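J.: The structure is given below, and queries will be raised subsequently.
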Amino acid sequence: MEILLIGLGMFIAGFIDSIAGGGGLISTPTLLLVGLPPHLALGTNKLAASAGTLVSSHEFFKSNKLNFKLLKLMIPFAFIGAVIGVSALQFITPDILKVLIPFMIFGVAIYTIISKKVGMINSFDGFTPKNKFLGKILTSILGFYDGFFGPGTGTFFMFGLVKIFKFDFTAATANTKVLNLTTGFAALLTFLYHGQVDLRYGLISTVFMILGSKLGSKMAVKNGAKFIKPIFIVMSLVMAGNMII
């Protein structure tokens, strides 16, 4: 019964997360439901989520949706930010973020609803000193945030890439996956170091997370921004509501 519950939860989480983020809303509660304590649930989920994100990234890579110049620019800042964020978590509690973040995510969702053309057309026209600078700032902050707290990182990455680089939601999703993989891997190393990953549940979760992620990313590539944007909005609203409640 446990395997069935984990399998279903992780498959759905991987599917949703590969398209618009927010899969942790399903995967972490699933692990808590089968009896893992919170610290183990978070670490175990990070293992499965990292594997799912790797598969999603590969699907987007095969479809030529990745901007390697962008990723080369931003990955170091994402990794360093995440390492600092995880380290800071050992000394500081993220209580203030628990209050602020859901309202920020809600604001992103409302803006995306109101601005009907946002993210629907890829208007990226090359790199400028301004967008490169803003991209580094965005990635450093979100890398730190993902290591320190986490919920909504993918949402903020996607929205940031749409606004700063004028990507559509397909390109934003694709490149967000790789940036999320970077920050997630940094956090996973820390969880492993502290022994906060249950390998039995982690391996089962990983298999189903990979399957869901593969299907979701294939559908995202096939159907594009018109498919991704409404899911992005729904998951942002659900995530914000869940955090407020």
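Residue positions begin at 1 at the first shown residue.
Using the three backbone atoms N, Cα and C, a Cβ is placed for every residue, glycine included.
Per TrEMBL, the features are:
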- 70-89: transmembrane segment (TRANSMEM)
- 96-114: transmembrane segment (TRANSMEM)
- 134-162: transmembrane segment (TRANSMEM)
- 174-193: transmembrane segment (TRANSMEM)
- 227-244: transmembrane segment (TRANSMEM)
J.: Out of 70-89, 96-114, 174-193, 227-244, what stretch is closest in contact terms to the transmembrane segment (134-162), meaning most Cβ pairs under 8 angstroms?
T.: 70-89
J.: Counting CB pairs under 8 Å, which listed stretch among 70-89, 174-193, 227-244 touches the transmembrane segment (96-114) the most?
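T.: Maximum Cβ contact count belongs to 227-244.
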